[in-house]
Amino acid sequence: MSLINNSKITNYINDVCSYIKYKESHYEIKEELISHIEDIYDEYIEQGESTNTALNKAITRMGNSQEVGTNLNIAHKGSPDWITLILTLILVNTGVIFMYFMKSNNLLENSNILFHNTLKTSVIGTLLIIFLFYFDYRNLKKYSTHIFIVSTIVIILFSYMLNEIAPNSIVLVGDTFRQIIFITPYLFIICLCGIFDKIDFKNKYEVIRLLLICPIPLFLFIKSGCITPLLIYALGFIVILSSYKIKKRFIIAPIVFIASLTLGLIIIQPYRFHKLKAFMYFKNDPTGFGYQNNIMNNILNSITPLGHGFSKNDLLLCNGHKELILNCIIHSLGWIGLIIIISLVTSLIIRLIIIKKYINDSYGRLLICSISSIFIFKIIFNILMNLNLLPILGVSMPFISYGVPENLFNMLSIGLVLSVYRRRSLSLPLQNSK
């Protein structure tokens, strides 16, 4: 029997909710309490009690409204994940401090501008994290297709600019276009989480539609000539696919397909092929494609526990403030500095993996899994790249490397993670919770 409109039930539930500070959880709590009361009420009716007596006994059995509300308030706090937030802010400020030392020692051209850009990025990114913490991430789900379309337009537009305009312009313009392309995998992965969560895998037409749209970003990244975004998107896509109970062959097939595309992209582009060859035999080409790898090798061979400080003559890596910043940290701060950085990023990875188990909403879990996979890939690849164990592919160290658009999206991703964690106790879709 439905008791939703009963005044006694309504008053009891409203009294319970008055002790629960996190208002976003009220709807779900009301639904749960009504369900429990109805079950108890039906039990008393079967025992032969009158409707009024059964209702009163059901409410009494639920317990004192203040006590129930206080306990539920503890369970539905809506508090942030302080560990993730603190680790993120430490890493962000590490990047700011390192850029400050680079500016103070005049290690880079335009170092003053780069430092102020980094400082502004950290402030804006922190505000973005705070905003997204209060923003309900479930709002994104209904706009997943729209985000996919916008992301597609962005990559088409900036790929054209990168290939047609940037070659005839200054280096900074091409770098800006490239950085914007590098943030599109985040957008594609976020919208795929919503698309996958809404799809009915028993409906063959929906599956066909999914198969048609998922490869689009891959071909766009190939067209733009950007391998790193392709790999990030591919990894996120495979993680999302693996989150569902799908036969292994449907997961292996995309992996083989993506690996073939990546290999083909390397082979058909002589520049990338020569860079890969130079990485494997960098000692044979110390002044050409293997120059960077030889410098990195010299830095690693001359490392000391506390480093050599900030020396302009020795710091010759052209991307020492970007993807090769760990090499500069190794040179300047030694093994101890490197171990501290690796410990911080490893702690962040572990924390992102751990908090997934606290999330009740399937869409929220999918978001955390896919965002975590991006960070894990970038962190591990960047560390191995800086240790000369992988070729230089432009994979930056999240939060520490210089890059305004990319770091803003790194912090946006953390903001989404905190938004999901805040609503970890909720499991109903947004349209059912209002």
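From the backbone N, Cα and C atoms, a Cβ is placed for every residue, glycine too.
Because TrEMBL annotations are produced automatically, they should be read as predictions rather than curated entries.
Taken from TrEMBL, the feature transmembrane segment covers 82-101 (among others). Sequence-distant contacts of the transmembrane segment (82-101) (same chain, six or more residues past either end, CB-CB distance under 8 Å): 111, 114-115, 118-119, 122, 125-126, 129, 310, 321, 325, 328-329, 332, 341, 344-345, 347-348, 351-352, 355, 398-402, 407, 411, 414, 417-418, 421.
Marked as transmembrane segment by TrEMBL: 113-135 (among others). Away from its own ends, the transmembrane segment (113-135) comes close to residues 80, 85, 88-89, 92-93, 95-96, 99-100, 102-103, 321, 402, 404, 407-408, 410-412, 414-416, 418-419, 422 of its chain (Cβ-Cβ under 8 Å, at least six residues beyond either end).
Under the heading transmembrane segment, TrEMBL lists 147-165 (among others).
Feature annotation from TrEMBL assigns transmembrane segment to 177-195 (among others). Residues 140-145, 147-148, 150-151, 154-155, 158-159, 161-162, 165-166, 210, 213-214, 217, 221, 224, 226, 228-229, 232-233, 236-237, 240, 363, 366-367, 370-371, 374, 394, 403-406, 408-409, 412-413, 416 of the same chain, all 6+ positions outside the transmembrane segment (177-195), place their C-beta atoms under 8 angstroms from a C-beta of that stretch.
For 207-222 (among others), the entry in TrEMBL reads transmembrane segment.
Here TrEMBL flags 228-244 (among others) as transmembrane segment.
The feature transmembrane segment is assigned by TrEMBL to 251-271 (among others).
For 333-354 (among others), the entry in TrEMBL reads transmembrane segment.
Per TrEMBL, the feature transmembrane segment maps to 366-387 (among others).
The list of residues near the transmembrane segment (399-421) in space but at least 6 beyond its ends in sequence, with Cβ under 8 angstroms from a Cβ of it, reads 80-81, 84-85, 88, 91-92, 94-95, 98-99, 114, 117-118, 120-122, 124-126, 128-137, 176, 179-180, 182-183, 186, 190, 321-323, 325-326, 341, 352, 355, 358-359, 361, 364, 367-368, 371, 374-375, 382. Residues annotated as transmembrane segment in TrEMBL: 399-421 (among others).
Cβ atoms under 8 Å from those of the transmembrane segment (333-354) belong to residues 81, 83-84, 87-88, 90-91, 94, 303-308, 326, 368, 371-372, 375-376, 379, 383, 397-398, 400, 417 of the same chain, restricted to positions at least 6 beyond its ends.
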